[in-house]
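Visitor: One structure, as C-alpha cells, below. Some questions next.
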Ligand SMILES: NC(=O)C1=CN([C@@H]2O[C@H](COP(=O)(O)OP(=O)(O)OC[C@H]3O[C@@H](n4cnc5c(N)ncnc54)[C@H](OP(=O)(O)O)[C@@H]3O)[C@@H](O)[C@H]2O)C=CC1
Ligand SMILES: Nc1nc(=O)c2c([nH]1)NC[C@@H]1CN(c3ccc(C(=O)N[C@@H](CCC(=O)O)C(=O)O)cc3)C=[N+]21
Ligand SMILES: [Mg+2]
C-alpha cells in the first residue's frame, strides 16, 4: 500500500458545525413561539430505511426539532399513503417532512412526491422545487447535493471553472447536483454520466471533481482518477462485506481530496434535511411578524 495523499473531507465534524448553528437558530425561533417539526413517512420494515429514519429523528433531538414519525405497513395502497401525506400537509406541528425512498413497488413514488405541499418539502424533490432549481428561484434544495457543495467549499476545493464529472443521473443526487454546479454562483462545467456513457474511465480521468453517485461498489478505481482531483463518494451498497461506497480502495493515494463513505456526505445529507426544516420555520416566523393580528 502506498501513502494516502488525499485530504479527507470530514463529514461528521462539518455536520457538528452545522448543528451548532441550527441549535442557535432553533432557540431564536422558540423565543418567537415557533418550534420546527420534522415529519417522516416510512412504509414497510426495510431495516436500512428504518435505520436512516431513526438517524434523522435522533438528529432532531440534538438540535431541538420536534419529531413526527409516521410508520405504515408495507402492503398499503396508494390511498393510505395519500391520506398520511395529506395529514402532514395540514398538521401545523410539521414544518417539513420527507417520504423515505424507496417505496414498496406497488406504490408510485412520483405521485407521492408530487402530493407533498412544496413549502413543506424537506428533501427538495417536489417537481415545483426541482423546477425552481432549474429556474434559479428560491426553493428548498435537495439535501445530498447541498451537502456535497458545502463540504467542498468547507475544504476550499476550487469549484469555479472546474470540470465536474457526476456518475449517476438519479434525481436525489446526480441530476440535481448537476443543476447546482452549473449555477452562476458555482460556475463549474458538468458532465453527467450513466450506464449509456461510452467510456466512463475517460470521462472521469478529465475531472477536477468526481461525484460518484451510482450505487455500484468500487466503480471508481485509482487508475480512473486524475492526480490531485477531488473525489466525493456518495453511492451506498450493501454487500457481503458490509456497506461499500462507489469509490475503490487506493483512490486516496491519487486524489487531492476525498470525501469518504461512511463519514463524508451522509451526515451532511441529514444536516441539510434539518436545515430545510429550520429555514421553513424561519419563514413562518417572519410571516407571523409581518402579519397584523
Ligand atoms: N450518502 C448519502 O447521503 C446518500 C447516498 N445515496 C446513494 O447514492 C446513490 C445514487 O442515488 P440516486 O441519486 O437515488 O440514484 P439512483 O439509484 O436512482 O440511480 C443510480 C444512477 O447510477 C447510474 N449507474 C448505475 N451503474 C452505473 C455504471 N456502472 N456506470 C455509470 N452509471 C451507472 C444509473 O444509470 P442509468 O440511469 O443509466 O440506470 C443511474 O443514473 C445510491 O447508491 C444511493 O443509495 C443517496 C442519497 C443520499
Ligand atoms: N426521501 C429520501 N431522502 C433521502 O435523503 C434518502 C432517502 N429517501 N432514501 C435513502 C437515501 C440514503 N440516504 C442517506 C442518508 C444518510 C446517510 C448517512 O448518514 N450515512 C452515514 C453512515 C450511517 C450512520 O452513521 O448512521 C455516513 O455516511 O457516515 C446515508 C444515506 C438518504 N436517502
Ligand atoms: Mg433512488
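Glycine residues also receive a Cβ, built from the backbone N, Cα and C atoms like all the rest.
Predicted automatically and left uncurated, TrEMBL annotations should be read as such.
Take a look at what TrEMBL says about it:
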DOMAIN    9-123  domain 'Tetrahydrofolate dehydrogenase/cyclohydrolase catalytic'
DOMAIN    142-283  domain 'Tetrahydrofolate dehydrogenase/cyclohydrolase NAD(P)-binding'
BINDING   168, 169, 170, 236  NADP(+) binding site
Visitor: Please count the residues of the domain 'Tetrahydrofolate dehydrogenase/cyclohydrolase NAD(P)-binding' (142-283) that DSSP assigns to helix (H, G, I), strand (E, B) and coil.
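Guide: Looking at the domain 'Tetrahydrofolate dehydrogenase/cyclohydrolase NAD(P)-binding' (142-283) with DSSP, the answer is 54 helix, 29 strand, 59 coil.
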Visitor: In sequence order, which residues at least six apart in the same chain have a CB under 8 Å from the CB of residue 170 (NADP(+) binding site)?
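Guide: Those within reach of residue 170 (NADP(+) binding site), by Cβ under 8 Å and sequence separation of 6 or more, are 213.
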Visitor: At its widest, how many Å does the recorded NADP(+) site span between Cα atoms of 168, 169, 170, 236?
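Guide: Result: 15 Å between the two most distant Cα atoms.
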Visitor: Across the domain 'Tetrahydrofolate dehydrogenase/cyclohydrolase catalytic' (9-123), what does the pLDDT come to on average, as a whole number?
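Guide: Looking only at the domain 'Tetrahydrofolate dehydrogenase/cyclohydrolase catalytic' (9-123), pLDDT averages out to 97.
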Visitor: Taking only the binding-site residues 168, 169, 236, which have a CB closer than 6 angstroms to any atom that belongs to ligand 3?
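Guide: Once distances to ligand 3 are taken from each Cβ, none falls under 6 Å.
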Visitor: Are there any residues in the same chain, six or more apart in sequence, whose C-beta is under 8 angstroms from the C-beta of residue 169 (NADP(+) binding site), and if so which?
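Guide: Non-local contacts for residue 169 (NADP(+) binding site): 175, 192, 193, 194.
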